[in-house]
Amino acid sequence: MVGSGISALGLLLLMQGSVDANGIQGFFYPWSCEGDVWDRESCGGQAAIENPNLCLRLRCCYRDGVCYHQRPDENMRRKHMWALGWTCGSLLFLITSICLFWWARRQDMLHLPRFLHRKCSKLSKTVSSLSKDRRSANKSTTVLQSPGGEVETAAAVSGEDTGGEE
């Protein structure tokens with residue numbers, strides 16, 4: 001169970017890393033082209049400004065004829081940490097629940113408490129009597145006429161085989 005959770009988390013990080021080619025570091029420290037226009041540092045010099053493809057190959061940002069460096073994206077980093085925290089917390093809760101259930105079953109502790117046992121036994125008797133009433137209501141009497149003209153009466157229960165000869 002733990003292995004499958006770790007594998008799923010590794011796959012998530014690998015897939016995210018293949019998108020922006022930063023790998024796991026790109027997950028924990030994402031970069032972005034967003035931000036204040038005045039805080040941009042130029043990237044690639046004049047050649048990158050004249051050739052947007054060169055700017056992008058240098059893994060820089062290009063906008064409005066300006067090639068500039070990417071900057072750390074704190075909002076995305078917070079979102080990634082939040083998602084990672086919830087994923088790990090949920091996985092830990094799931095593993096703990098499974099282990100606790102397994103332990104309780106081995107200790108033979110999966111019984112109802114005494115104060116609930118009486119209430120549930122009364123409830124099961126009520127449900128049992130209701131199901132008996134339902135079965136008796138489903139019984140019906142059918143009249144069959146044989147080829148010789150004799151009339152036969154047969155009791156049929158819906159959903160059950162009567163077990164008689166044909």
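Keep in mind that glycine also has a Cβ here, set from the backbone N, Cα and C atoms.
Residue environment of CYS61 (disulfide bond) contains 20 other Cβ atoms, counted within 10 Å of its Cβ in all protein chains. What Swiss-Prot lists as disulfide bond is CYS33-CYS61 (among others).
Other C-beta atoms found within 10 angstroms of the C-beta of CYS60 (disulfide bond) number 21, with every protein chain shown included. CYS60 (disulfide bond) falls within neither a helix nor a strand when secondary structure is assigned with DSSP, and so counts as coil. Per Swiss-Prot, disulfide bond is recorded for CYS43-CYS60 (among others).
Neighbour list (CYS67 (disulfide bond), Cβ cut-off 8 Å, at least 6 residues apart, same chain): SER42, CYS43, GLY44, ALA48, ILE49, PRO52, CYS55, LEU58, CYS60, CYS61. Under the three-state DSSP scheme, CYS67 (disulfide bond) falls in the strand class. The disulfide bond annotation in Swiss-Prot covers CYS55-CYS67 (among others).
For the domain 'P-type' (31-71), the model gives a mean pLDDT of 85. Among the features that Swiss-Prot reports, domain 'P-type' is placed at 31-71.
Positions annotated as region 'Disordered' by Swiss-Prot: 130-166.
Summarising the annotation, Swiss-Prot assigns signal peptide to 1-21.
Summarising the annotation, Swiss-Prot assigns topological domain 'Extracellular' to 22-81.
According to Swiss-Prot, the feature topological domain 'Cytoplasmic' maps to 103-166, an assignment based on sequence analysis.
Residues annotated as transmembrane segment in Swiss-Prot, with sequence analysis given as evidence: 82-102.
Secondary structure by DSSP for the topological domain 'Extracellular' (22-81): 29 helix, 11 strand, 20 coil. Here the disulfide-bonded residues are CYS33, CYS43, CYS55; the one with the fewest Cβ atoms within 10 Å of its Cβ is CYS33.
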